[in-house]
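Working notes, structure below.
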Amino acid sequence: MSLENFGNFLTLDEKHSFIKKYFKEFYTKDFKLFTSKDKHYRTRAELSFYHENDTLFYAMFDPKSKKKYIIEYLDFADEKICAFMPKLLEYLRQDDKLKEKLFGVEFLTTKQELSLTLLYHKNIEDIKSNLENLSNNLHINLIARSKGKKLIFKTENLRQTLNIQGREIFYEFNNDCFIQPNTTINEKMITWVCEILSIQKRMDLLELYCGYGNFTLALAQFFFKVLATEISKSSINFALKNCKLNNTTNIHFARLSSEELSLAIKKEREFFRLKDIRLDDFNFSHVLVDPPRAGLDKSVIDLIKKYENIIYISCNPITLKENLKELSLTHRVENFALFDQFVNTPHLECGVFLSKV
């Protein structure tokens, strides 16, 4: 979440100075700072298309003024995206059917692969052969979308390998999954959590908002058992697949919202989706939360504050502070890390480790 409402903080030092003051009621020790390379760090990019004089341009539009900016190069985007952008644009400009009513493009990369999604205001079934030719001629994993329709050429799934403390963790996911869009920072975040856990007394882990298992797979080795929850069915399916890719057998996934999990743990409601999981068999020493920008609601806070240790990954310092007001009644902040996920922008990712008072 942006800090621009508080000032024009762009460098990590500027963000650090602000955060030190902003969270001083909860934490006065040293913050751990994690930097990113300042170019080609972002693995996801979304652009509009602008049509003029029967040709096509990449564009961005200011959300407030609606002013148009023609885009020729994205210095923050992964090198694979930058290399592919001109090839795609040249191909589209030469195919009238492909460029007609084309309004957007999404790029997604991993260390190994690249996928492309084209967005249309027309029935993509009518240009299926053109799309297939594009995929074949440019050797690209292609997804095309229009209202109520989706076509896939080659595959929509991407493979990723993260290096965590000398270990390789293998993942598969697609464009519909929530991903950390800066791979270097993602590896540093996971490693930071692993380093804290390595010196802790540990039993079982409860993880909320687990997605496709980004943290889960790397942290599982530190615990006897892991219960990880997520509401997205496709993300759960990828998480199960990623367990097999890593030969990990101590993780139990449940497709539940955090509110549903709270009801289940308090035995206020039974869920068929938990029929193969006995909650009483878990002894949670740690809970990990990586919530959306809105942060944690009261039911989740009431749930997690029962546990000895909390790891909170936050993309929004504002809601993090609000949540810490509640959590600080039972826990204290032991470690605080700042991750410069989006370099030279007011955005900041935080990691907080809390233990029971």
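Every residue gets a Cβ built from N, Cα and C, even glycine.
Other C-beta atoms found within 10 angstroms of the C-beta of Y209 (S-adenosyl-L-methionine binding site) number 22, with every protein chain shown included. Following the DSSP three-state reduction, the secondary structure of Y209 (S-adenosyl-L-methionine binding site) is coil. Summarising the annotation, Swiss-Prot assigns S-adenosyl-L-methionine binding site to Q180, Y209, N214, E230, D290 and lists sequence analysis as the type of evidence.
Residues annotated as active site, nucleophile in Swiss-Prot: C315. Every protein chain shown contributes to the tally, and the Cβ of C315 (active site, nucleophile) ends up with 20 other Cβ atoms within 10 Å. Reduced to three states, the DSSP call for C315 (active site, nucleophile) is coil.
Residues or ranges marked as active site, proton acceptor in Swiss-Prot (evidence: sequence analysis): E349. Secondary structure at E349 (active site, proton acceptor), taken from DSSP and collapsed to helix, strand or coil, is strand.
Put simply, C315 (active site, nucleophile) is 15 Å from N214 (S-adenosyl-L-methionine binding site) when counted between their Cα atoms. Between the CA atoms of C315 (active site, nucleophile) and E349 (active site, proton acceptor) there is a gap of 5 Å. Long-range Cβ proximity for E230 (S-adenosyl-L-methionine binding site), meaning a same-chain Cβ under 8 A and a gap of 6 or more residues, is found for Y209, C210, G211, I236, A239, F253, R255, L256.
Listed recorded positions: D290, E349. The one with the lowest count of other Cβ atoms within 10 Å of its Cβ is D290.
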